[in-house]
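As recorded in Swiss-Prot:
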ACT_SITE  His369  active site
ACT_SITE  Asp373  active site
DOMAIN    2-77  domain 'Lipoyl-binding'
DOMAIN    112-149  domain 'Peripheral subunit-binding (PSBD)'
MOD_RES   Lys43  N6-lipoyllysine
Amino acid sequence: MSIKIIIPSLGESVTEATIAKWYKKLGDAVKTDELLLEIETDKVTLEVNAPCNGTIGKISKTDGANVTVGEEVGEINEIADTDTAWINNKKQEVSQHTSEQLVDKPAMASNILAPSVQKLVTENKLDPNNIKGTGRGGRITKYDVLETINTTPITIETHAINKTNEERTQRVRMSRLRKTIAQRLKDSQNTAAILTTFNEIDMSKVIALRNQYKEEFEKKHTVKLGFMSFFVKATIEALKLIPSINAEIDGDDLLYKNYYDIGVAVGTEQGLVVPVIRDADKMSFADIEQAIGNLAKKAREGKLSISDLSGGTFSISNGGVYGSLLSTPIINPPQSGILGLHKTEERAVVIDGKIEIRPMMYIALSYDHRIIDGKEGVSFLVKIKNLIENPEKLLLNL
């Protein structure tokens, strides 16, 4: 009996993927849940495992092919559980044969790369034998290649001043992630009536509070106290005050969400991703800092799962970590708002009729004007400003 190998669900709003690499070939024996192939979406790399014991009877989509959810990419000739001894013997024969072939070719295994990984290696003129693989079975992943690139000294070559037009430009095909980012951002602008409102925050008190307790906080919770946990907490309180910003348009209806899954934008070598902190309103400051740290690490290593990226009721983007003074963030559909944070900079401000130097931050709220009125957008930022400038209110739930 033949069992189809089907592309599984890829998560919310993701319907297409690319086959990165098949790890089995026609006739290979496989066991239930054994790795068959890897597929790449615009967000993550996923493994497709064997649905049953048997042998590979058909491969209809090869490496590099584009596939969709539910599409058949091959078949397994099923073997009953009582025949697993035959599979084990078959695997042992293949393993022995492979070992004999590799006796005089120890570097061959490291050169078996997924197309996307091979492309990175080739473009950067790297030797795969010099890259330490951290993937399953020691295979080389995109993250391994990027780490090698980042740690390799740059050699600057001297060229003649006169160059041909071809040498002065370089054409590079957009990655699936970059194409998806471009499409989603353009769709957001074309669909939503985006409006941005601004405010500024005196960061003096929250900085003082953090400096006073950061060492004690880290010692107790084994995670550093940053400013993001304060902003996540303040954002949730502002969303409770203005429920429409935590809602979305669904056809002719407004869908109000009584939960708070906050997306936090993270920049990676591949592009921007927005992993989600689930039920952030139920978390402590330490829980939020831990969640942000874990998600950021997974994002940089390319190990985010579909569930890490799916959903989200509102997003926060902190351009301040890159030195941004002011920006107008773009909404992440189908959400209705996004908060933009920026760098803290000492500026002269008037306090009680006197000019003082204070650490100030500009904040921005981009929102969908179809569902959110201007008054609500302004009130949202004022609430956040009030809580950050008086952080004791966050601690006392005021």
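In case you wondered, yes, glycine gets a Cβ from its N, Cα and C as well.
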(message) If I take every residue in the domain 'Lipoyl-binding' (2-77) and average their pLDDT values, what number comes out?
(response) 86
(message) Can you tell me whether DSSP puts Asp373 (active site) in helix, strand or coil?
(response) coil
